[in-house]
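Student: Copied straight from Swiss-Prot:
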- 1-56: region 'Disordered' (REGION)
- 1-22: compositional bias 'Low complexity' (COMPBIAS)
- 114-457: region 'Fatty acid alpha-dioxygenase' (REGION)
- 213, 388: heme b binding site (BINDING)
- 214, 229, 231, 233, 235: Ca(2+) binding site (BINDING)
- 385: active site (ACT_SITE)
- 675-1171: region 'Epoxy alcohol synthase' (REGION)
- 873-900: region 'Disordered' (REGION)
- 881-895: compositional bias 'Low complexity' (COMPBIAS)
- 1089: heme binding site (BINDING)
């Protein structure tokens, strides 16, 4: 092979001033291609025939072959190499090949560029690869094996500990006695407890205990053996090997046994540690329950029949995937909540985190840090993680009492090692081997195997409120004396490096004096007496003798000893970046889209903190969505109050301790629904707090609380009366609404559909496809509301709007969801925050629009002025609304309605007229701002999403086998332009919505009540989807008296009420003789939808257009349906059902397009049609 050095008689030195040569030299220097020039070699005429020696040419010949375009290519190559990113649209590789092909085969520089190209191509891939296909690499093994696919036993449970630092300093053969060291340097004086300087709570140290025992469990038989894996795989919960793992699994549906954890050792720690593990157990069970419901890509298809192998695979796939997700949340808590608190980042408004999983790009100037290489923990870090000085006073007492009882009444501070460990052995063996039979802190298991929430929450609340101890000398509780003595003996038996050797190993400066270790003269003098030289101080207990770090904001929050502070960060990076399941295999495909999202951090919430998800999934019925206890449990609440006040965020959180939310009772019969929803005195609406949150002014005033749906007081009724006066519908206006919506629907079909296929003779039949929910139904509703309220919507005509179609719908949907669909406590904090921002932004634009019109129509005053001068200026002319639709169109040859001009004049000006009427109706002496947030914005929020849901469910019914028989007749009616045909279509719409719609409305019970209820319908045993009930032939016999206590909640299931044969005869059939005002999906009673007379026209108009499409059908496969699941409430543990035995409710949950989250409404469904 040719040498890479320059040689031969043709070689000459290039002058530094020679620009082309200088360029190649610089390029070579960057690319690492050039070596030192070699002297010319002699010409030997008798060289072997295959000698690698051949003549090479220099830059002179290269320049003769290249042009300016080639120089540009080299510059581009250099830039790409430095950045590590190649924009292939610039065809760099192809241009480089063109350049190289021009150079002579003997070109020295050409060879070097070629070598650089080969190096770059080689480094594009991992060598060797770190991830692999195959079932054995798909999930975490119970014992941690196969994490490194090339060294499968690296870090496996039962391995020997590794050694980090080389011990070279001569060890004193007669070191000080561990008992003396503990009594003088480590023991805590009970009267001199030092609270943690940063007011860190005990919960952080409980979490640290889980981490420590996740990766360190020393064998009592052979202290060089680690009984657990070297990975953060939650082995205290899941077990250290397959046998232990099986003991905690339910072996059904991927579940863990309720409220269990595998490790017996955990029962020897304060009960808060066990509660945290139970919370992870509950999170796991929530996740696997959700995975089974969603069944992403049919990967968790439930077997049918008695195929044992299939059922075992189903259970295992769910369990293992759930474990990956739960460990994903665990590691995110470690990296964000835990490490941010350690670094005091929780005290500043910054979302920066130390995340070892960062995706490093490959470039000329740097190479990515290796990842997924595995890990094996070392003895040094086993000693680093002994943080007994952080034990709180309460936990000191608990541990002392527990050990005293285990020792038969003897003080643990005076117990000998044999006595101590004999007692611990007896204590551990006193717990049953079956995790489900164990108790915790005196709590007893319920019938379903779980613990009562209140007992667990009490332990956790007290732990959050209990400040931990400070690091530093003389602060380890006396009850830990035997444990610490054992630790020192183990460190000596392991022959670990000294404190200075370890510090040097991790890159820290060696201590030169004892005062460098700790400036406290007492501590320094004791160290000098024990060791004689700083270089001789043992790692353990040396790290306990170090002075703790000061509080630095941000930078130092845990305030550990200096060596510990640096070491734990290195270890965190190593544990995470070396773990295949946290790096190269931590993907949505492996965790599912839902699982990946469920474990993910969101920097817009708590600057990335994620532990609130654990709290809300474990205890969904106790913590408020903004509870400081759930969002920041690693610092005591009183200190969190100071932190949040300094950041201006104190009002964002609730400072109340957790308490159980009111119990909810389901009401099903139509008669009971009518009774409750018409009784405003004893049953109150519950949306006032949410509406008020969205509309509250910074100054404290809150006009939204007076809105119609915010309460049942006279002021709320007055708001409804005002709103009803503003929503007028003369016959001519109804026609214009219909025309507007039909034209808008045709325009949306034209704008957002795609031609996907040509077929038939001469390919003249064209097939079109569109997402009918996302791009038609949702946007038609958004455009209508934008027109009615003069909202600033952009159009294709270039109108000066603010929101696109989809942006407007998302904003309206967000606001609606925060008021009416806020039932997932783990998502509520972000939902409410985003909805308030959307409300304030849109409200400010509406207010600005009204103020601008005030300069034209003097009936409008400045936003802070009273509205008192009532004129008809706007009604007599009106400015153009922000959102104008298109109507008067015609159908072109492609079956899509074309633009035909402006919207009908009356609807076009109706938006401004509506605003004027609402402001005037709001009352004398009120400002425009009050009217906007007290009446206009809440009324805007109350509509769009509900109509989208109703229409989507109706269309789905008629496109299913259940309702398809009606399509031909509906299509015929849709082709007719008569009022009768339109009204008949409306009846079809209402019937389809009644059969498929899912609506339930809550009420707060204001006084003790009794209600007669019954069960109108039952699940069809032949229907696995639970979509189709059957009428209950013994409905009357199921009548029962429901006792409702003051302060409890009722959920009136209007879905079941819509299938009640006493109100809707033949409830499962489409009948066109029902009264349109009898339907329940707009609500019942005084809070029934105020605008139902209007929206029934808008919905029918959209429905009519869709029915006119030729060959209307679903798109192929799953794209043509929306995934619908029976709705169920998560109550903290699998199988736990609150209240009565569940019946058919008809309520459904949906999933979004990528199946990463649940939704209250269908979001996507693609349809096709031909022309």
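Cβ atoms are placed via backbone N, Cα and C, with glycine included.
Tell me what's around each of these sites.
Tutor: Summed and averaged per residue, pLDDT over the region 'Fatty acid alpha-dioxygenase' (114-457) gives 93.
For the recorded site, residue 388 (heme b binding site), the DSSP three-state label reads helix.
Around residue 231 (Ca(2+) binding site), the same-chain residues six or more apart in sequence whose CB sits under 8 Å from its CB are 140, 144, 147, 155, 215, 375, 575, 579, 581, listed in sequence order. DSSP assigns residue 231 (Ca(2+) binding site) to coil in the three-state reduction, placing it in neither a helix nor a strand.
Within its own chain, residue 385 (active site) has 208, 211, 212, 216, 568 as residues 6 or more apart in sequence whose C-beta sits under 8 angstroms from its own.
According to DSSP, residue 1089 (heme binding site) is assigned to coil rather than to any helix or strand.
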Student: So of all those binding-site residues, 213, 214, 229, 233, 388, which one's Cα sits nearest to residue 1089 (heme binding site)?
Tutor: 233
Student: Report the member of 214, 233 (the binding-site residues) whose C-beta atom has the most other C-beta atoms within 10 angstroms.
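Tutor: Output for this query is 233.
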Student: What's the number of neighbouring CB atoms sitting within 10 A of the CB on residue 235 (Ca(2+) binding site)?
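Tutor: So the number of other Cβ atoms within 10 Å of residue 235 (Ca(2+) binding site) is 27.
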Student: Report, in whole Å, the straight Cα-to-Cα distance of residue 214 (Ca(2+) binding site) from residue 388 (heme b binding site).
Tutor: 17
Student: Neighbour count, 10 Å Cβ-Cβ cut-off, for residue 213 (heme b binding site): what number do you get?
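Tutor: If we count other Cβ atoms within 10 Å of residue 213 (heme b binding site), we arrive at 18.
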Student: For the recorded Ca(2+) site formed by 214, 229, 231, 233, 235, which further same-chain residues have Cβ atoms within 8 Å of the site's Cβ center?
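Tutor: Filtered neighbour residues, in order: 144, 157, 215, 228, 230, 232, 234, 240.
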Student: Could you state the whole-number distance in Å separating the C-alpha atoms of residue 233 (Ca(2+) binding site) and residue 213 (heme b binding site)?
Tutor: 11
Student: Tell me whether residue 214 (Ca(2+) binding site) sits in a helix, a strand or coil according to DSSP.
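Tutor: For residue 214 (Ca(2+) binding site) - judged by DSSP and reduced to three states - the answer is helix.
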